[in-house]
Structure formats: C-alpha cells, structure tokens
Amino acid sequence: MDTNIGSLDSCKPTSNDVCCPANGTVSTIQGSVSPTIINSSEATLGRHLARRLVQVGISDVFSVPGDFNLTLLDHLIAEPGLNLIGCCNELNAGYAADGYARSRGVGACVVTFTVGGLSVLNAIAGAYSENLPLICIVGGPNSNDYGTNRILHHTIGLPDFSQELRCFQTVTCYQAVVNNLEDAHEMIDTAISTALKESKPVYISISCNLPAIPHPTFDREPVPFSLSPKLSNKIGLEAAVEAAAEFLNKAVKPVLVGGPKLRVAKACEAFVELADASGYAVAVMPSGKGLVPEHHPHFIGTYWGAVSTAFCAEIVESADAYLFAGPIYNDYSSVGYSLLLKKEKAIIVQPDRVVIGNGPAFGCVLMKDFLRELAKRLKQNNTAYENYHRIFVPEGQPLKAAPKEPLRVNVLFQHIQKMLSSDSAVIAETGDSWFNCQKLKLPPGCGYEFQMQYGSIGWSVGATLGYAQAVPEKRVIACIGDGSFQVTAQDVSTMLRCGQKTVNFLINNGGYTIEVEIHDGPYNVIKNWNYTALVDAIHNGEGKCWTAKVFCEEELIEAIETATGAKKDCLCFIEVIVHKDDTSKELLEWGSRVSAANSRPPNPQ
C-alpha cells in the first residue's frame, strides 16, 4: 500500500498532502499548493470541494455525467490537482473509487441524482463492508425544488426527494444534503473528515444550482483543519497488555493470525513488530492477504479452516493459544462456520478493543498501541513455527502438460506466480480466483486486493481501474472469471483512455463456477463471448492494447513473454480457455461446506 491518507501504517506524502501523528490517524489536512489570494468570483462551493479533495490526497475522481452534476464537474475539471475520469457506468465508478481508496487511503466518485446514486449504491455498500473511506458525491435537484410538490425527472415520480438519501443512510457513516450555501462549507468539511475518521464511505448531495455561486464562507483558500487523533486509554492499555502477556507467556505453542481489520487499524507494522519479538508462527486470514508480509521468516500461510494453505490449519487449530488481530468471522471466512477454534484459547484484537479468552474485555485500546506494547512483554517462543517446519512438505508441481494439451488452471497460476515482483499488484475477482490467488506467494512490496466480505461479482474490473490509476508505477495483474467480466466489462475502455498497462487474465470456463460448487443449476451457465474480439472492438485503434487467446501452456508462455516484453507498456488482455470443471480443490471443499451452511433446515419452533 503506497501513499497518502489511510495507508496501512504511515503516510508518505508526495505533495504535502497529509500529516499523520504517531498513532497513524490523520492529524492535519494540508494544502498541497501555496495559499493564494483569489477573486471572490472564484470563492465557490465547487472550488472549495475540489480543493478539499486534493488536500486529502485525491488526484483522480471517477464520474458519470448527468444533468444535475454537470456544473459541479466543471469545477472539478478546473482544479489543477484533480483528474476527472469518466466511467462507463456508475457501478464501475464506485468500484474504481473503491480500488483507488485501497491504495491511496481515500477515494471519490461523482454521479447524478437517484438514477446515478442508486446505481452506484452497490459499490458504496461494498466499500462500507471493507472499511474504505470513500466520498460519494451526487449532483442533486435545484435548491428551489426542495419542499415543493414538484415532480422531477430521474426520480420515482413522487415529490419526496429523500428516497436516495434513505438508501445511502444504511451504507454510509455520514450524509450531507447541501441545498443552501449558508452551511455548505461546514457540511462538506464534516463529511470528508468523518470519512477519514471512521474509515467508511460518506454521501454528499449538492444542489445543481449551487456549485458556481460565490459565497463569503468560501472567500479564500480552504483553511487546513485538524482531526483529533484517537488515543488509547492508558490504564486500559496497560491492563490489556498485562493480561495478554500472562495468557500468552504460559502457552506452549502460541500463534499469531492477521485479519482484514489490520488495514483500518493501521496496525500492519505493529503486527510485524509483535511477530519479530515473539517468534510465534504467523498466519493470515484469507481477507487479510496482502496486509502481512509473506516473506516474514515465520510466515506459515493462509488460515482458512479446511481450505487453508498446506499445514497452516493444523498448526493454528492445534495451538494452545492464538492471537487474532483484526479478524472478521463470517460464513465465507469460516468455511460455513467450520473453523476448529476455541474461544477460551483466543485473544481477539479489534481496532479499539481487546478480548482475552472468555473474558476480560478491554475497550478504548487501539490495536496499534496494544500490539507494540505487547511485543515488549512476550517471551520468545518459536515452538509452533518449529512444529510447522517439522511437518511441512513443499507443494508438488502440477503434472507436466503434454504438447498442446488443454490448459489447466493450476498451470496458469504457476506462471502468474513467476510474474510477481515488488513492482506488481494482484486483483482477485470473486470466484475461483479467490482460492488460486490465495496460493500465490507475494514478494515484498507486491500489492494484493480482493473483496471477500461483500463478494460482489464484477468488482475487479472497476477496482483494477481505480487501483492502477492510484499507483501507475505498479503493473496490476487482474484475475477475473468470464461470468464476472460480463457484469462490468465496459470499463476496460476507461483503462485504455487512461493509458493503463494492466495485465488482465480472463479465465473462460463457461459460467459461474463458484456458484456451481455451492449449488448447480442451469442458471450458472452463461452465453459465451469472444472476449478478445470484444476487447479489440472496445480498443478500436485508440490507445495501447494487446490481446491474446490461449488454449495450452505453450501459448500461455508466449503470451506472458509478450505481455512482459514487447507489450509491457500496453494494456494486455489474455483470454485463457479452460474446462468448465477445472477448479481448485479448495473451491470444491469450500463450496460443499458453504452449501451445507446455506441449506440448514429451520430450527424447530
């Protein structure tokens, strides 16, 4: 994770964007350009919003135009520090802002009222589930229409304009409906600061007739504002550390497991410090992959119950104590609630709370502070890692393919593994790519993202667009199934417009394979497309694009050599043809267990 606000552990400002205090929360939002005297005609709501976005570290905003937001878009375009990226639809604009926020720490999208807002809503819900600060801006009705009985277009035909707001209230942590200039300054600033403090999406609706009107509250460069840093309760912190140290120091073979909330707690570095100091075996939950360095000397893999990487589950579940930092236990991460864990053996560390065994619990204790202080109090104990090293057997290689033999998925990912470096990042789509990508060994500095909690198919196309835009120095490798691609394919065109150089592997197996393994039916079969021809048509000779369709290992090797060689500066789209039943063994196991959880009969009443 590179860059500004909300990066995992520290901010690395590139243009005076952000200053972070010691505990990793945002302190002061700084101006990225020297304050200048501006004309009162420039002191507008639109300019203020644009400057605020730049000040918090956003340089790209993903948008879809609509008549209610056009004047606002003019002001965003006029801001030198902002690049407005037009997307093909609102859903992808939201997914792109999601991917951007994963790298930059905050993202933004702009859509129009109701028809745009309700379309982007699914992406905002996904960002909420993944604790991403995302600023969703909507161009709203003319301020004069509020409180009247007028019926407007782009609505459901009622004079009540609150439908969109009510929908967003459940998937954002703050909502601002700006339909007058008197309190616009305060509402916008509060919304943006709340997104950063809560690490959740916010909703800002701005009446279409307001962005260009000067107002005294916007009469100069926006003044930097401060966010109060979160602090641990010192007494609670000391008590939690003392209790946890006693709990772990008497254990024979304790282990550490990193979870997805390490990101929102900005505690990745603190987790590594604890791992270094303790000598414990270190695992990661599937949704936390990419947050824990896999080159750590005591890293043992992904803990995912029955579908864990080899020998990891045996070590975790046989431990007599385990510390989970930032876990999320849902039916997917628990493989249909089948984890063999015991509460009395566990220390659960959430971003601001610690629970030890069946109790006690300590509130107002920040994860980052707790892990760092605990690292000073633990005795070195590498028993669990030694046990892992003792039983570990290296994974076998896929069977060698015969000449021109149809390509197998395990062979594909063997070659994707060889592509990874510190200059790359992996985006894994919902589906079998979850399981195949989990087995990739990430080199230092290699990014990794997927959306496990929400699991929205098609997420990766927009997320790849946003992530790649945020870190142009990395080459993003996206792994997406054909069913998912059909949901959001259009914004490959936006990647081309932006000159991105991603490598997109389209895994064509003729349907929704992950659904097949949970519960099969004719609805899981989709109409096959000529995907490379589709991308060629989208390319249409504009921008740099190269496509290939591969059927066997020889063709795959040649395609990867071209994508990383002669076409390294192009967007590369490689369609991989595989058998419809070619899935990872982990998906087969996971699917059967999730199916069993889904089909539990009702409890007797």
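Positions of Cβ are set from backbone N, Cα and C atoms, glycine also.
The Mg(2+) binding site feature in TrEMBL is assigned to Asp482, Asn509, Gly511. Under the heading domain 'Thiamine pyrophosphate enzyme N-terminal TPP-binding', TrEMBL lists 44-149. Per TrEMBL, the feature domain 'Thiamine pyrophosphate enzyme central' maps to 241-359. Taken from TrEMBL, the feature domain 'Thiamine pyrophosphate enzyme TPP-binding' covers 451-576.
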For the domain 'Thiamine pyrophosphate enzyme central' (241-359), mean pLDDT (0 to 100): 96
Residues in the domain 'Thiamine pyrophosphate enzyme N-terminal TPP-binding' (44-149) grouped by DSSP into helix, strand and remaining coil: 51 helix, 22 strand, 33 coil
Cβ within 8 Å of the mean position of the Cβ atoms of Asp482, Asn509, Gly511: remaining residues of the chain near Mg(2+): Gly481, Gly483, Ile507, Asn508, Gly510, Tyr512, Thr513, Ile526, Asn528, Lys580
Set of same-chain residues at least 6 away whose C-beta sits under 8 angstroms from Gly511 (Mg(2+) binding site): Asp482, Gly483, Asn524, Val525, Ile526, Lys580
Candidate with the highest Cβ count within 10 Å, taken from the binding-site residues Asp482, Asn509: Asp482
Residues in the domain 'Thiamine pyrophosphate enzyme TPP-binding' (451-576) grouped by DSSP into helix, strand and remaining coil: 58 helix, 28 strand, 40 coil
